[in-house]
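Participant: Copied straight from TrEMBL:
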| type | residues | note |
| --- | --- | --- |
| DOMAIN | 245-299 | domain 'PDZ' |
| TRANSMEM | 15-39 | transmembrane segment |
| TRANSMEM | 51-71 | transmembrane segment |
| TRANSMEM | 83-103 | transmembrane segment |
| TRANSMEM | 115-139 | transmembrane segment |
| TRANSMEM | 163-181 | transmembrane segment |
| TRANSMEM | 188-205 | transmembrane segment |
| TRANSMEM | 351-370 | transmembrane segment |
| TRANSMEM | 377-395 | transmembrane segment |
| TRANSMEM | 407-428 | transmembrane segment |
Amino acid sequence: MQRTLFLIPVPDDLFGLPVVGVGWLLILWGLIVAVWIFLLSRKPTFMQELLGHLPLFAVVAAAIVFVLPMLRVTEGDQIGFPIRGYGVLLVFAIVSAVGLAAYRAQQMGLNPEVIFSLAMVLIICGVVGARLFFVIQYWENFYRPGDWQATAQEIFKVTEGGIVVYGSLIGGAVAFAVFCYRKQINALALADLIAPSLMIGMFFGRLGCFMNGCCYGGLCTLPLAVQFPQGIAPQYTPPYVRHLESGAFYGLLFVENEEDQVIVANVLPDSAASKTGKFEPGDVVESIDGYPLQGESYEPLDLLKNRFLASWMKEGPRKGTLEIKLADKGDVALHVDEMPSASLPIHPTQIYSSLNGFILCLLVLAYYPFRKTDGEVIALTLGLYSIARFLLEVIRTDEYAIGGTGLTISQNVSVVISVLAVCLFIFARIRKQPLAWPREVALNADS
């Protein structure tokens, strides 16, 4: 894991003019756009290409003025832009996905410029959709009561991680449909063409998740288990925070039963809890450090998290110490000598997901020449991915079940996507329309 690769120093101002915001970077971008327009003005398609690129010019300018000032951080005595491992691998994902799609488009007799134009739209809408999905899902982590500027700053920290694949698919799907309608392109044929690119992007993107520490798995005793470092307070790594607040460092795992009671789900061997000999699965927790876990406006598990976090904030010898009152057993004291330097061993689900993306990419690439109708490949891709994602969620612990379904939000979406994928595959087969880009086109392009 390596959240920050290096820091690019950026001063507040240069010769009295701000570097970011309304300043030097905006001037530089204006010059780049002016040169581009000058060079393009000699082409007969000048106005068409200019109008197509205006949204990009506006988005970059808006990012320079409003977003970049919020992304600067202070590390030690330096102020600048952090280059995150997650962000770098996200760029790798985009470049590899677009490159593969452009190469395959050329094979099928399609102008690669179509892919580049589509990529710009999908990148913007996909990232917005992915981030929006994540922000909605974890709103409590972003909202700063009474301070919307701080809330917005947290929302825009995309390079630090926090995007959801299904959000990008939803945002990208809407943009894709509009793009194909405006360009009068067969949407199913183009979707089949870019399907492998989605998966190769997944391959690099999930490696970025591993660098960031997000999308982590549950406890693991296998040799392939990984541990994430503590991090620097208050920016602890996500798995470490989960183990702090869940009681895992004390050796306890909890669940909530149908009566809204917190019960012990498991006692980890060789832990502080197991050494007391008083905790057993099924024990009902009534209070922690005298604070009851019921009768409040908050969920019992949320109250439990707060008490475990508070135990690590105590000063002196009381740090890492708490008392848990069990029904029928009374108070049990727990103590951990010092804060662990790393998380407990967990499943590297990011690596599993990355390998899943790579394998699916190869699989749909191999299937593409044998498709019979347009839409089969994208249906196969979405169907297989949704099944794999559903299974991966079983060993991921960064999401909770929602809506009384017993399934995480991603598992619920996976069920919907898999059903839609099956329907799309059947629809594609019963249409019996000829391929927009027959296999012979690719064979002729290769010869």
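Glycine is treated like the rest: Cβ placed from N, Cα and C.
Bear in mind that TrEMBL entries carry predicted annotations, made automatically and left uncurated.
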Participant: Can you tell me which parts of the same chain pack against the transmembrane segment (188-205), counting only residues 6+ beyond its ends and a CB-CB cutoff under 8 A?
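Facilitator: Here the qualifying positions are 89-90, 92-94, 96-98, 100-101, 104-105, 108, 110, 115, 118, 165, 176, 180, 353-358, 360-361, 364-365, 368, 371, 374-378, 380-381, 385, 428, 435-437.
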Participant: Quickly jot the same-chain residues contacting the transmembrane segment (115-139) by Cβ under 8 Å, restricted to those at least six beyond its ends, or write none.
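Facilitator: Same-chain contacts beyond the ends: 52, 55-56, 59, 94, 97-98, 101-102, 105, 155, 158, 162-172, 174-176, 178-179, 190, 194, 399, 409.
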Participant: For the domain 'PDZ' (245-299), what's the mean pLDDT in this predicted model?
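Facilitator: Computed over the domain 'PDZ' (245-299), the mean pLDDT is 88 on the 0 to 100 scale.
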Participant: Cβ under 8 Å to the transmembrane segment (407-428), counting only same-chain residues 6 or more beyond its ends: which ones?
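Facilitator: Here the qualifying positions are 137, 164, 166, 169, 188, 373-376, 378-380, 382-383, 385-387, 389-390, 393, 396, 399-401.
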Participant: Treating G and I as helix alongside H, and B as strand alongside E, what does DSSP give for the domain 'PDZ' (245-299) in helix, strand and coil?
Facilitator: 10 helix, 18 strand, 27 coil
